[in-house]
Amino acid sequence: MSIKVGAASQELSAAYAAVTREPAGIVWNKVCVSLKRELGDAAFGSWIAPAVLRETQAGDVVLVTPTGIARDWIRRSAWRRIGELWAAGDAVGRRLDLKSRLEFEASADAASATTGAVYVEAKPQPIEIVLPVSSDVVTAPAPVAGKASPVQGLQERFTFDSFVPGPANEFAHAVARRVASWADGHFNPVLFHGPYGFGKTHLLNALAWEAMRAAPNKRVVYLTAERFLSTFVRAVMDRQTTAFKDELRGADLLIIDDVHFIAGKQSSQEELFHTLTALVEDGRRVVFSADRPPSAMTEMDARLRSHLSAGLVCGMEPADRSLRLGILERKIEALGRAQGFTGTVKPEVLQFLADRFTDSVRELEGALNTLTARAGERLSRLSLDEVQAILRPHLRGGEKRITIDDIQKATSEHYGMKQADLLSERRNRAIARPRQAAMWLAKQLTTRSLPDIGRRFGGRDHTTVLHAVRRIEALRQDDAVLSQDLETITRKLRG
Ligand SMILES: Nc1ncnc2c1ncn2[C@@H]1O[C@H](COP(=O)(O)OP(=O)(O)OP(=O)(O)O)[C@@H](O)[C@H]1O
């Protein structure tokens, strides 16, 4: 610390700061507690927990990540929030910097050579970390700055180039490519169905990107069924349904992801039915994805169900071992290209991952992301033992997977209301409180991120979800009825 002689007030405030200043490690610990709650165990465990805080006597504090990948993830996805939490927690206003280990070592050497500053580790107190099996925060990249997606909701990395075909999805892949080429198709609509996390959204995104590339003048509209529902409900309330209809019916290619979500929602089903028939009659293409074939959508209106089956219904199977290996190799190569390392891993590691993470490709990818966050460019040198140690917390398994749709159904049933009310804009307490409870349950019982939960609750912002989670957290301490409600719904969901 350098204090100029005669600068009495500065000297006093510096002395005061020295007395009141909490060790950086304690401040960081508090930041971590909030971050863990807001980001979820999965993202926190993968990206934040491995970082180490370093500080000098002079009060320079640096958060050092083990790899450049982890630094970039934090900068993109959490740095602004970390800044806010740090500023709120650090009474003396120390500046917090972010560096990868390599960057830090280079700069620390330079600083020590010129000023003699020495960085020491500012140890946070331990906090409980549960490593992820997978997380949307981990798997979904933030959009690249300055490259806003031309179609809302499309992810840039989901292209045909990054999609790996195999026996489980070969037919679906060929059909998607054909639709994207605008070739005359006998089959309209096309519906892809398959289990959770095996590439339906990826395929639909790839189809949309390719169709836009192949015919830039055509209008491609992509939306999730949740967005269809929430936009439609909002349009009805604002008396804007004509604009909504025009928007969709003006599409040359309309793509709706997760259409099963609309099952049982009467007016939205009806609207979708009319949109679908109008587009098909007019020779426009329509593509859907769903988690099951139309014949199994028992809650879906029979007329809509029959129109969904009227074109081509194309099943996708869970990826077999060879496809899982192929996907892993492709993802590792891409990571290597992006980060400048060899992009290979030991064969026994590949096989271990492909054999142990079989529930969905999303989970397989989550495991790979965790390894990358931990090891960075050392990924290719990791031994099987090291990999098993890093992933041990993922391998517990056994628990029933609960989806946000399950939570919405159970919550609305418990409170005697419609699932659509939870997604609606209505704010009266009888609806708003169950909605907040459902968001809280989604945070507790799934690995979904706050933005993802918001999207699935009628396209709400992640700050709304955060507010709901905090509100319910506070209320349930004193409100025995609410606390009992949450327990009952959780028990029911866990089966
Ligand atoms: N064949 C594949 N090639 C490359 N990546 C794949 C493939 N299948 C799945 N993935 C990856 O797995 C992850 C999950 O895929 P996706 O989100 O498309 O699944 P989904 O079937 O739509 O799941 P949900 O039913 O939950 O919406 C994505 O990151 C995707 O890139």
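Yeah, the Cβs are placed from backbone N, Cα and C, and that goes for glycine too.
Just so you know, TrEMBL annotations are computer predictions that nobody has curated.
Lys200 (ATP binding site) is surrounded by 22 other CB atoms, counting those within 10 A of its CB over all protein chains shown. Taken from TrEMBL, the feature ATP binding site covers Gly197, Gly199, Lys200, Thr201.
What TrEMBL lists as domain 'AAA+ ATPase' is 186-314. The average per-residue pLDDT of the prediction over the domain 'AAA+ ATPase' (186-314) is 91, rounded to a whole number.
Marked as domain 'Chromosomal replication initiator DnaA C-terminal' by TrEMBL: 403-472.
The region 'Domain I, interacts with DnaA modulators' annotation in TrEMBL covers 1-136.
Residues of the region 'Domain IV, binds dsDNA' (376-495) grouped by DSSP class, helix first, strand second and coil last, total 90 helix, 0 strand, 30 coil. Taken from TrEMBL, the feature region 'Domain IV, binds dsDNA' covers 376-495.
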If you take the centroid of the Cβ atoms of Gly197, Gly199, Lys200, Thr201, the listed ATP site, which other residues of that chain have their Cβ within 8 Å of it?
Gly194, Tyr196, Phe198, His202, Leu203, Ser289, Met316, Val361, Arg362
Find, for the listed binding-site residues Gly197, Gly199, the residue with the lowest Cβ contact count at a 10 Å cut-off, counting only other Cβ atoms.
Gly197
Which of the three DSSP-derived classes (helix, strand, coil) applies to Gly199 (ATP binding site)?
coil
Just give the helix, strand and coil counts over the domain 'AAA+ ATPase' (186-314), going by DSSP.
67 helix, 23 strand, 39 coil
